[in-house]
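Asker: One structure coming up, written as structure tokens, with questions to follow.
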Amino acid sequence: NRRPHFLYPKSRLIRSLLPPPHYGPLSFHDMFQPFLEMIHQAQQAMDVQFHSPAFQFPDMDLLREGEDDRAVCKEIRHNSTGCLKMKGQCEKCQEILSVDCSANNPAQAHLRQELNDSLQVAERLTQRYNELLHSLQTKMLNTSSLLEQLNEQFNWVSQLANLTQGEDQYYLRVSTVTTHSSDSEVPSRVT
């Protein structure tokens, strides 16, 4: 039974993990140099496309203002309901405020006041609802506790009723037994 030589070699080759001496010592930077060059080439190719006249960012003026302003302005453009809170952040925000949230418009001021009043009423109703719910939960807990006590004290009544039912469910069979004691001083008992 002879095995093929290429699957089970008789001897092993020992390879060095170090590069051949004519390449010089290998550093961390050298290992990733081809990858870094590829990224650099991709960035250069993208820069050429971005600087061409056909390509323009829609908010190029915001890119020059700074990171914080840019994020705020972008957020306000997507959701202009926050413009009142952000009105002092940048020029674009102030423009949006004047168009979307016109603070000087009396009709909008009246609507804002109605909204605030409605929110306050909703908050009061929510608090009242929570109070009523808590009260109901307390009463339900007390009622269930009372029912458990009644069940413990008077469970024998329902058991007796179940045992004394005959064929007719509305007719209870009750038997009386009179006990007499041999002692004449103890009265007779009916059970």
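Placement of Cβ uses the backbone N, Cα and C atoms for every residue, glycine included.
Taken from Swiss-Prot, the feature N-linked glycosylation site covers Asn79, Asn116, Asn142, Asn162. Residues or ranges marked as phosphoserine in Swiss-Prot: Ser184.
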Asker: Using a 10 Å cut-off, grab the number of neighbouring Cβ atoms around the Cβ of Asn116 (N-linked glycosylation site), all chains included.
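Answerer: Other Cβ atoms found within 10 Å: 10.
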Asker: Take the C-alpha atoms of Asn116 (N-linked glycosylation site) and Asn142 (N-linked glycosylation site) and report the distance between them in angstrom, rounded.
Answerer: 39
Asker: Round to the nearest Å and give the CA-to-CA distance linking Asn162 (N-linked glycosylation site) with Asn142 (N-linked glycosylation site).
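Answerer: Asn162 (N-linked glycosylation site) and Asn142 (N-linked glycosylation site) have their Cα atoms 28 Å apart.
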Asker: Ten-angstrom check, please: count other Cβ atoms within 10 Å of the Cβ of Asn142 (N-linked glycosylation site), all chains counted.
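Answerer: Here the count is 10.
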